[in-house]
Amino acid sequence: MSVRVVARIRPLLDKELDKDMIVRADSIEPGKPNTMVKIPNPRNEGEEFSFTFNSVYDQSTSQETLFTSEVAPYLKSLFQGLDVTIFAYGVTGTGKTHTMRGGMKLADRGVIPRLLSGVFRRGKKIMKDTGGETTVEVALSYYEIYNDKVYDLLEPPEKRTPTGLPLRAEASGRTVVVGLSERSCADLKDFEKLYIEANTNRVTAATKLNAHSSRSHAILRVKLTQTTGDMVRESTASAIDLAGSEDNRRTDNGKERLVESAAINKSLFVLSQCIDAISRGDKRIPYRESKMTRILSLGQNNGITVMILNLAPLRSYHLDTLSSLNVSSRAKRIEVREIENEVVFKQVPKASSGTTSGGIQRQPLRPLANVHNVHNGNIAAKAADAKQATDANKPVKAFSVYTDKSKPTTTAPPTMPRPVANSSQLRRSGGAKRPSDQESIVRPSKLARPVAHTLSAPSAPSNTMTVSAAQIEALVEKKVSEILAARVAAEQSAQAPQVQVQPDISEAVQKRLDALERRIDSEEWRDDSKSSGLKILLEARQHKERGDDAAALRAYEMALPYFPGQAKLLSKIEKLRARLGGDAPSPRPHRSAKMEDKRRRVFDDNGEYHDGEADIEEMSFVEPPKPKARKTRAKATRPTSMLLEDDGPASPRAQQLLEVVNSRDIAQIKGLVGFGSKKAQDLVDYLSLLGEEEGGRISSLAQLRSVPGMGGRTVERAYEVAFWEA
Ligand SMILES: Nc1ncnc2c1ncn2[C@@H]1O[C@H](COP(=O)(O)OP(=O)(O)OP(=O)(O)O)[C@@H](O)[C@H]1O
């Protein structure tokens, strides 16, 4: 089924006036529930735009009505093993925190306390109805993403580290926060105490647009564990209060608020790009460009997702409101698989024939959840889907998850039969299911998880699994394609060695995954290291501009390990050292006498050293120009020239490129190599989000490269090809 998108229009606040109201809820036919938001066209007030959602709640809607209509129905699903995600989205000051958290008075309580109240009530009822045979445990984790860093809200702020908590992608496709604390919660009182205290750790501040503005995205995870005998079912409700986008022309934000605002706007911009990409059916979804989108995993996660779009009815929010209406309209197209989490078993005896040594210490890989949103799909995913469809027609197996059909296995027969899907008392009872677009599709088979990992019960001997080589391949391929996107998946599939069926299959899985993780880590490291280097270069530049040559020299030297052997960087260091009358010159890259002449000429002609151009000249001198070889040479020099543009004054070529970019003229931007309509539009949208401090402009190639969705390669191509003759 699709993401459910509902809109809520907040009432006017004390100082707001009736005459400024421009947003209203409407229904398709009189007497029917509201499903439309109407708002005038800002260019022609006589014309009205209509946006349709699953439901629209007007100013008079109480907290109780919203909860009863939009959240309470999914409590049942949560207890049936589905994950439920509810998130509030909207411009600053539109009522997201009011909707999710609410006030202290009973009637004002928002979605989160009501959800917890419902969870405890239902949990108690289940325990009572089963005579205690089923136990229900609730555990909370609560964290915020502030300036793109993750902080645990259940821990005091003093415990925060400057880098925050890291994220990790699990085999299931879910992104988890590493090192997050989890507190078990016995009842509503327990919860309130924890929640109120944790909220004091969240970063909020007064802005011109909201006296208590959230400066971070807050994510509450409620983990529900239902245990009946040795069957355990886990499901999670996530309630997310996103920070609101801000137009800094209206905020009067000071420096600190501006930094927060830039981080908030950037993550929301990435979210809107993800929504666009999913709704277009793109293969590459830019989740990884912000922590918030990685965590939210819109369209990747299974279960039920409800997006609450909060709106202010006022004219002063006109353009912002239109923008959120547009994004939310597209979010309706995102498909989310309504798949229950599987039942797992604790205390499964270890196979006596000893096919493993120790078992695996991670969740088994499961089919990726977001394949349904990747319309031009990947091969591994398709193959796995086809396999699932075939498997679904076969009789349900005993607890062994995978068997290698090609070879008789020595694994002892499992002693614990896995219940047939519909016979489990914890499974869906049929009637409660929401109509699903996927109804006719056979559900993918689910795998059991090793229990030792998921339960806090005394450690049980870990369960071992028998996995065929082909299955290992398919699963690993899918993980790769998810994390590194289709490009890397294809690479991986081409290089993947054939895993032999070995006596200890779980070890093979483990090894493969470890290698994969190392690879991903190193990919991330490369990105991080490059951006760290660029940051240091920027710092150096700032020192230089302030006339602090000694500090500039130190910073350039610090940047050197990130860009080893860069001629321009070495030359800067050398010049600064000479100016400071210090150390011996640093080693220079080998240059011919002719090259030195040319270099001097560049200095002389321009009066002053012109960084990027000088290096391009310099590099082109190494190989005298040949018409045919030009393209190859351009390619070879690209990284150097681009890097050199990151620091120092922009060359005429860079200036020309930036002028086109900052023109905000789609036609001009589309004239750049590698810029289609979409990229041009995204760039213009991004420019409109830039605060006044940045002058609403992109001022360097490094900044252009950091625009979400842009990528270094695009900028390089635009730089190299469009103005080659410049
Ligand atoms: N439905 C509502 N009924 C009454 N008051 C509301 C409602 N929605 C919002 N408000 C009030 O509007 C103001 C702004 O709301 P809130 O702080 O929830 O906005 P927000 O979207 O979370 O903003 P930010 O993104 O800056 O955190 C608050 O004073 C809140 O009490």
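One is the number of the first residue shown, and numbering goes on along the chain from there.
The backbone N, Cα and C atoms fix where each Cβ goes, glycine too.
Within the set 235-260, 339-364, 625-650, the record from TrEMBL flags 625-650 under the feature region 'Disordered'. Among the binding-site residues V91, T92, G93, T94, G95, T97, the residues whose Cβ sits under 6 Å from any atom of ligand 1 are T92, G93, T94, G95, T97.
The local packing around G95 (ATP binding site), expressed as other Cβ atoms within 10 Å of its Cβ over all shown chains, amounts to 23. Annotation for T94 (ATP binding site): spatial neighbours R10, G244, N310, L311, A312, Y317, criterion Cβ-Cβ under 8 Å with sequence separation of six or more.
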